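Feature list (source: Swiss-Prot):
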DOMAIN    132-189  domain 'HTH cro/C1-type'
DNA_BIND  143-162  DNA-binding region
Amino acid sequence: MSRSALVENVMAMLEDAGFLVSDRCAIRPKSFDIAARRGEDVLLLKILGNIDAFDAQTGGEMRRLGTYLNATPIVIGLRTRDEELKPGVVYFRHGVPVLSPDTAMDLFVEEVPPLIYAAPGGLYVNIDSEILADVREDRDWSLGRLAKELGVSRRTVSKYEDGMDASVEVAAELEDLFDAPLTSPVSVLDGAEEVRDDEPTPDDPDVAPEDEPIVTVFTRIGFEVHPTDRAPFKSVNESDDEHGQVLAGHSAFTETAEKRARIMSSVGEVTRTRSVYVVDELRRESVEGTALIEKEEMENIEDAIDLRDLIMERGEDREEVA
């Protein structure tokens, strides 16, 4: 299956599952392919045939964007260089959960979360430590008795009851022994934080010199500016008050800039953010929901209210963002 067909299939699957799905980010470079929202769940998705193509720089940016936009970064892929991705298993690349299309279908359409995750050494599951301790005590088994049944040390059983995860084989044996479900699903929509390696999120990239005047304006009027490396927008700008978040782009108004502004509008609708594109010369007032503002005009903005009013006047006033 081509990557383009895979992206289209994932988009159709998400729409069938009730998600609002953004336009595809058909520009390069791009840290994510689509954004999607269902209720309060917001996803940023990268879709790949071979997940080994997902590099650390892209993973870091997706995790940063997930933080700024209250979204979960997820990769959906078919295989690694060595094997097909197994259904029902969560993999990880650079701190981002990775699912096969079948696993994504189960999670988003059937609402059946995966139980298994891959980590160095094999496949593992979350053991509900409280239930395990309860069923062992109900049977009046000591830690040593259970350890003997499993063929492991007493210390290992104690660790299971303290929250250590178990291999798939051990988990299956435990459930057979006690005839009870003892596993907990992987919370993919919360970033699978309980099982993924605790990798620190990389710092924001440096601001490009040509974008510094725009960053200065956002900072001066009270926004915290988060530059991006590979997103269709140059920065995510956060305000603690009612002005919320603004996606910002900046360049001459070319055909590529128009595509970026259109994608920003679509992503903004999904993530409930406004978007503005700063251009050298104003030829029109908006591209769909993205307001266009001339650079000199931007530099003369006095406060966040002025910016908000200008964006609302020129862009489409979407209720979801109000």
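Positions of Cβ are set from backbone N, Cα and C atoms, glycine also.
Per-residue confidence over the domain 'HTH cro/C1-type' (132-189) averages 94 (mean pLDDT, predicted model). Residues of the DNA-binding region (143-162) grouped by DSSP class, helix first, strand second and coil last, total 16 helix, 0 strand, 4 coil.
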